[in-house]
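Listed in TrEMBL:
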DOMAIN    50-168  domain 'DOMON'
DOMAIN    176-376  domain 'Cytochrome b561'
SIGNAL    1-27  signal peptide
TRANSMEM  217-235  transmembrane segment
TRANSMEM  247-268  transmembrane segment
TRANSMEM  288-305  transmembrane segment
TRANSMEM  317-337  transmembrane segment
TRANSMEM  352-375  transmembrane segment
C-alpha cells in the first residue's frame, strides 16, 4: 500500500499572508480627511494617481481659488507638489507649490517653483499672485499644502485650469528637488480642473493604455488573486466530506484550469504593455509574473500525470502538487498587491480586494476547524471497531 499523502500546510500560511496584506495603512478618501485648523472647502477630489487629494473652493466674483492639496512623500524627507500649468497639460511650464520637511529642523515648509522645463526647476515667484501659503504634517505621514491663488484672467474666463501634481524622494540642502519616479502613476498625475462644476478630468492621451492596464489588473486579480485560492480551499476542505467525492475534484479542476486560462490572458496583456512602454520596468512584478506563469503551467501538467490513489508514486506526486500549488497561492496574492501599487487605482479597489481575501481566509479558518472535527471523529470510529482475529491472520 502506498504511503499516505502529506496534508497541505496548515492555515498559518493564511495568517502570515494576511499580515503582509493588511499591513499598509487603511486607505482614506478626501471626504474623511480632517485638517488641524478645521478648514472647510466646497469641493474635494480623490485624484486618480499617487494617492493624492485636492480640496478647493472657488470664488468667481474675485477669481480666487483656495486649495488644500494632500499627498504622501514616497520617502522620509521627500517632497510633494501641486501646480497650475497656464499653457500646457504637462509639468513643463507649470507654476508649482512644493512642500517638504526641512532635513535639519524637521519642520514642514512650502515654496514656489517655476518649472520652466524638465531641466530647469528653480525656487521662484509664480507668474500669478499666491498668498496664505502654509503646510501641515498630518497624522498619517502625509503633507497638506494650503494656499490662495489669484486665477489669471484668461483661465478665469474659461473656468478651467490644467493641474499637475507629483511626489519625489528627497530635497537637497540648496532646495534642489530630486527627480521623481517615471512610473505609470507619476506620468498620469495631471488633468483639467473645472472650477465651476468642481470636477476633474484626466487628459485623453494615455486613456487607451490605462484601459489596457485596467484589463491586465482585473484579469490577474481574478485569476491569481481569487480563483486559485478558491480552488485550493475546495481541494483542502470539501474533499474531507465523503459525500462530496468526486464532485470536489471536478470543482477544484474547473477553478484551477479557469484561473490558468484567465491568468495566461492577463500575463499576455502584461507582455504587450511592457513592449509598449520602453524604459519603464517593474522588475519585481514582472519576475513574479513570469514565475507564476511557469509554475502554473507545470501545475496544469499535474492533471495529466496524476497517478491513481494506490500507486506507489502518488505520495511524491502529492508533494509536488501541493508545494507548487501553495507557492502559486502566495506569489499570486503578493503580485496582485504589487500590481495595485503600480496601477494606483481608486482606494476602493484595493479595499475591495482586501475584503475578498480576508473573507476567503476567514472561511478557510472556519472550514479548517470543521474538517478537523470530521477527521478526528472518523478516526475514533475506526479505532473502536471490534477486533477481527481472522483478518489479522490468527
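The backbone N, Cα and C atoms fix where each Cβ goes, and this holds for glycine too.
All TrEMBL annotations are machine predictions without curation.
For the transmembrane segment (317-337), the most Cβ-contacting stretch among 217-235, 247-268, 352-375 is 217-235 (pairs under 8 Å). The recorded stretches the transmembrane segment (247-268) and the transmembrane segment (217-235) share 3+ CB pairs below 8 A when only pairs 6 or more apart in sequence are counted, and are therefore in contact.
Mapped onto DSSP classes, the domain 'DOMON' (50-168) shows 6 helix, 69 strand, 44 coil.
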